[in-house]
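*Asks:* If you scroll down you'll find the structure; I have some questions about it.
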Amino acid sequence: MAVDIAPVPVAARPAPKPAAFRRTSPTATVLLLLGAAYCLLPVLWVLVASTKSASELFNTFTFMPSTHLFDNIAFLSSYRDGLYWRWMVNSAVFAGGGAAVSTLVSAMAGFALAKYTFRGKSLVFNLVLAGVLVPAVILAVPQYLLLAKVGMTNTYWAVLLPSFISPYGIYLCRIFAAATVPNEVLEAARMDGANDWRAFVRVALPMMRSGLVTVFLFQFVAIWNNYMLPFIMLGDDKLFPVTVGLSGLLNQGATQPAMYTSVVTGAFLSIIPLVVLFLTLQRYWRVDLGAGAVKA
Amino acid sequence: MKTKGAPYAFLAPALVLFAAFLAAPIVYAGYLSLRRVKVSGLGLGAGARTEVWAGLGNYARSLTDPEFVPSVLRVGAYGLIVVPVMLGLALVMALLLDAGRTRVGTFARTSIFLPYAVPAVIASLLWGFLYLPRVSPIVDVLDRVGITAPDALSSSWVLYAVANIAVWGGTGFNMIVLYTALRAIPTDLFEAARIDGASDIQIALRIKIPVIGPSLVMTFLFSLIATLQVFAEPMTLRPLSNTISTTWTPLMKVYRDAFVRNDIYSAAATSVIIAAATFVISYGFLKLVGSRAFSQEN
């Protein structure tokens with residue numbers, strides 16, 4: 001096919017501008033604003049609700065803000081000696097560590113699949129695809145049973161190790177390596193006496209950089225959002241990520257309604273880091289899932 | 001590149017991790033699914049409980065479990081709501097952004113993408129509160145005009161309530177994927193049609209949607225896979241609603257069998273069934289649409 005699309009970054013056309021000669025459409029504006037309102041509504045609610053005291057939460061108008069945000073944060077922070085902040089740190093360790101290692105592992109594997117011919121290449125590639133089609137979360141229970149055999153459940157490693165492998169990350173890295181690292185450049189590096197590893201680290205990795213940021217973000221979000229794996233693997237609530245911790249707090253709320261305020265405040269605080277990450281790195285969210293298919 | 005061992009060295013970490021955390025669990029689940037515990041005597045003392053081969057007994061038990069089939073049907077209905085609604089909204093929003101006939105594009109794109117930053121557990125928590133009649137602004141508004149709104153978490157509405165959370169969380173990401181594909185279409189593909197007087201809608205239907213076909217296929221595939229493994233949303237809503245059972249979805253049943261009933265053999269059999277079904281459905285879908293997605297380029 002003639003359309004040759006590099007998966008990242010796509011810069012075929014500049015962002016659309018409502019130029020003077022093209023009329024703006026009120027229908028388009030209204031539809032987009034409705035979509036935005038639907039998506040912002042729960043986020044606005046949690047912002048407002050986290051300012052309410054326990055007695056106000058269920059008894060004042062939904063979107064009427066109050067003045068108790070800092071009281072709520074202080075109360076949440078004092079809960080079992082700052083357990084909530086441990087959960088946030090755990091989430092950062094799981095997502096940051098898991099995404100960093102899995103990006104490197106994926107980059108190496110993707111580079112090998114894109115730039116070498118070797119025996120067993122199709123087998124490896126088909127394994128990667130099978131891995132994409134059968135998501136790891138379905139394997140969480142068998143993973144738990146296996147890790148229990150070697151006594152590794154209820155440790156950081158129980159959540160980190162399964163996060164290190166990402167078939168989808170390998171798949172993406174293979175596309176990035178094929179699209180952004182020319183063979184001639186690798187050959188030139190070899191002429192200069194670089195071995196394969198140096199060529200990969202010094203030449204290929206820098207060229208794949210923006211694609212690797214995308215893979216890192218993908219994995220980071222996937223691990224940060226994961227619930228089932230840590231929920232199954234961890235028994236000690238000091239090791240919980242924030243998702244598992246907060247859903248446990250919500251369970252307690254059923255018997256102690258005062259906990260609901262902490263749940264809401266905790267939910268609000270927990271989405272701030274990811275929202276900031278998204279807004280600052282928005283330009284890397286341009287992955288073209290169809291690129292592998294369009295490239296003939 | 002010529003060094004012989006190099007590709008294997010680059011692949012080694014991935015292959016080791018793949019074997020340990022994806023292949024081994026599947027094999028182990030397959031093994032466990034064919035085993036059972038045999039209790040001799042009163043089941044007391046060492047050696048009274050031994051593991052023996054069970055044939056396909058666990059599979060038969062899983063498939064005939066009165067709670068398994070309803071959970072599968074429930075997830076099927078859930079997928080029939082979530083996937084078309086989410087991808088339909090994502091496509092419409094992406095086309096509206098791409099048409100460029102609005103000044104709120106950047107704001108709308110950022111806002112609609114925002115829920116992707118919210119974990120499913122937190123999203124379920126937020127919506128869970130918003131569903132409570134005492135908090136819900138919708139119930140509040142309807143009350144003032146004299147209409148009694150239905151309880152979103154009652155048994156007849158809870159499926160839609162969970163589906164709404166998934167649609168909310170997934171539309172933005174799919175919109176960005178489709179929008180990225182739309183931006184990559186060269187302008188000359190539709191500029192001629194525009195000069196001939198084709199409307200934006202005609203251009204979208206006749207040119208833009210067919211061209212981004214591969215991206216639509218991929219978003220459909222990933223949405224389908226995500227749908228089959230729904231777990232976090234209903235688990236989080238459970239404390240707020242008594243209409244969500246412990247076996248509401250197949251994965252919840254796996255969890256209950258393994259950790260509440262300590263029946264790892266039955267849980268393993270159900271895991272294998274879900275993994276196989278996911279693979280067959282997604283692979284079958286790719287074959288059905290004849291997609292060259294995932295083909296090796298060289």
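Cβ atoms here come from the backbone N, Cα and C positions, even for glycine.
OK, TrEMBL features for this one:
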- A:30-48: transmembrane segment (TRANSMEM)
- A:87-111: transmembrane segment (TRANSMEM)
- A:88-281: domain 'ABC transmembrane type-1' (DOMAIN)
- A:123-145: transmembrane segment (TRANSMEM)
- A:157-179: transmembrane segment (TRANSMEM)
- A:200-224: transmembrane segment (TRANSMEM)
- A:258-279: transmembrane segment (TRANSMEM)
*Asks:* Cβ under 8 Å to the transmembrane segment (A:87-111), counting only same-chain residues 6 or more beyond its ends: which ones?
*Replies:* 124, 128, 156, 159-160, 163-166, 169-177, 181, 200, 204-205, 208, 212, 215-217, 219-221, 223-224, 230, 239-246, 269-270, 273
*Asks:* Short question: most Cβ pairs under 8 Å with the transmembrane segment (A:157-179), which of A:30-48, A:123-145, A:200-224?
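*Replies:* Between the candidates A:30-48, A:123-145, A:200-224, the best contact partner of the transmembrane segment (A:157-179) is A:200-224.
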*Asks:* Taking residues 6+ outside the transmembrane segment (A:30-48), which of them lie with a CB under 8 Å of any CB in it?
*Replies:* 62-65, 264, 267-268, 271
*Asks:* Against which stretches of its own chain does the transmembrane segment (A:123-145) lie, if we need a Cβ under 8 Å and a gap of at least six residues from its ends?
*Replies:* 109, 113, 153, 158, 162, 165, 167-168, 170-171, 174, 226, 228-229, 232-233
